[in-house]
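In TrEMBL this protein carries:
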TRANSMEM  65-87  transmembrane segment
TRANSMEM  107-127  transmembrane segment
TRANSMEM  134-156  transmembrane segment
TRANSMEM  176-200  transmembrane segment
TRANSMEM  221-240  transmembrane segment
TRANSMEM  246-266  transmembrane segment
TRANSMEM  356-376  transmembrane segment
TRANSMEM  396-418  transmembrane segment
TRANSMEM  439-459  transmembrane segment
TRANSMEM  479-503  transmembrane segment
TRANSMEM  524-547  transmembrane segment
TRANSMEM  567-586  transmembrane segment
């Protein structure tokens with residue numbers, strides 16, 4: 001039970017011992033002190049017995065993180081298998097209209113991205129990461145169990161529904177049970193995904209230069225493992241869904257997560273577990289800073305008094321951002337009973353954490369455009385490929401939906417090159433232990449994102465010209481005599497940009513979040529993806545209404561040969577350029593969190 005009490009984060013004075021002193025007893029029961037190497041001591045964590053970690057080689061590091069990375073492969077395998085081909089099940093056995101099915105999938109995706117934002121608050125304040133991984137994984141497995149049962153119902157079997165006219169329509173209860181199962185699996189997966197990644201990154205000590213490098217590398221390999229899971233899912237689960245049974249696919253997904261949970265628990269004796277002091281909750285402390293600063297907004301105090309407060313508490317007066325939050329440091333109450341010692345309403349560390357979290361907001365807002373751009377690879381890129389010649393040799397044709405695997409393959413190819421070749425060379429040039437800063441990495445990805453939209457616009461213009469030259473403008477079902485391989489550059493660039501920006505954003509929000517809010521930091525990334533996806537849908541709706549006036553086909557006509565996706569891509573390229581300029585402005589003034 002030692003580990004469960006530790007992961008809950010209840011660290012009292014029991015853990016507050018001298019950093020280099022290990023308290024033991026001799027044979028007569030008399031307490032004595034023995035010194036331990038400062039190199040091996042890891043501050044702020046305990047082992048599974050709740051004891052301080054004095055041997056960093058025995059606990060944490062790659063010894064633990066490498067097994068946690070396997071959870072990323074398992075999660076991607078089952079999650080992609082559940083979502084990517086879902087529309088064929090909704091429009092098939094469930095007999096839903098395509099538009100209704102698409103809307104339901106978008107809502108599910110939005111919930112999947114947004115749930116971590118609320119889960120993280122509960123995680124950092126109450127359960128802790130270990131318990132959340134355990135409970136979320138059990139919910140995940142339960143969801144797949146229910147999905148298997150829902151598909152096994154006689155009226156929902158694909159084999160019974162070859163002819164929809166002769167097939168019994170599913171009852172409202174059956175549809176409700178399926179969606180309930182789907183959302184249970186989705187919510188469980190969201191909590192599991194968030195905490196498993198944060199827990200894996202926590203296995204490295206940010207005060208150690210070597211482990212700091214390893215932590216940066218961890219995010220690369222986490223995403224690499226996720227890409228492998230995605231590839232396996234597209235090759236295995238999608239085939240089972242289309243050719244065998246959805247019940248088998250959901251059943252396999254549940255079994256995979258059971259194996260992942262088993263591996264996770266078998267390695268629990270090697271993990272480092274974070275502890276919190278004095279039962280404090282970082283997010284509540286930060287909220288309190290904002291409340292106190294707002295309450296004292298119009299209050300007046302002398303500069304001498306503020307300087308005196310700053311000197312007493314070693315506050316660098318006038319040398320930091322968001323100085324209005326310094327109002328939270330001083331209690332202006334005239335009531336001597338309410339007033340605190342030294343006039344401090346909030347601690348300096350609490351105010352600094354509040355500033356760190358607030359500083360992330362401009363980066364978060366700026367990168368919403370990146371999500372809008374990157375989401376096109378799963379929609380309009382696929383629609384383009386449908387109209388092109390997908391033949392490879394005389395007897396094989398690439399399925400349109402399978403073209404997206406080029407993005408995943410690109411990620412799997414470029415991540416090792418980035419981590420093992422680019423970063424070591426960058427260290428030599430820049431002198432930075434991580435090669436380049438996370439903001440520089442994100443900025444490079446935004447540049448490649450802009451480039452991918454320019455390339456996509458040029459190729460789409462070529463596709464439209466080919467349709468015009470061969471007289472296929474009014475024939476949406478005809479195959480344009482232009483190879484689908486022309487789309488390879490934009491798919492590869494999308495994968496390349498993900499290695500820089502997508503992974504960089506995960507590392508940035510984790511690394512720059514306050515100590516007790518790492519899960520909240522990662523949830524900011526996931527919420528950015530969710531809101532960005534919603535904005536993408538809103539942007540497309542607005543453009544469609546604006547461009548469809550006066551009897552014109554608009555940019556998104558059903559007949560892609562009459563549409564103008566090239567205009568849309570140029571618009572996104574322009575927005576990406578604006579985003580890059582804005583991002584550079586905020587990045588230039590960004591101050592990294594102390595110790596990073």
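Even glycines carry a Cβ here, placed using N, Cα and C.
Note that TrEMBL annotation is computational and uncurated.
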Stretch contact, the transmembrane segment (246-266) with the transmembrane segment (65-87), Cβ-Cβ under 8 Å, 3+ pairs: yes
Residues of the parent chain within Cβ reach of the transmembrane segment (134-156), under 8 Å, 6 or more residues beyond its termini: 78, 82, 93-94, 119, 127, 168-171, 174, 177-178, 180-192, 195, 245-247, 250-251, 253-254, 257-258, 260-261, 264-265
Cβ-based contact of the transmembrane segment (176-200) with the transmembrane segment (356-376), 3 or more pairs under 8 Å: no
Stretch of maximal Cβ-Cβ contact with the transmembrane segment (439-459) [cut-off: under 8 Å; candidates 107-127, 221-240, 524-547, 567-586]: 567-586
Interface check, the transmembrane segment (479-503) with the transmembrane segment (524-547), three or more C-beta pairs under 8 A: no
Whether the transmembrane segment (356-376) meets the transmembrane segment (567-586): three or more C-beta pairs under 8 angstroms: yes
Cβ-Cβ under 8 Å with the transmembrane segment (567-586): same-chain residues at least 6 beyond its ends: 362-363, 366-367, 369-370, 372-373, 376, 380, 442-443, 446-447, 449-450, 453-454, 456-457, 460, 543, 555-556
Chain residues outside the transmembrane segment (107-127) and at least six past its termini with a C-beta under 8 angstroms from it: 8, 83, 86, 135-136, 182-183, 186-187, 189-191, 193-195, 281-284, 516-520, 522-524, 526-527, 529-531, 533-534
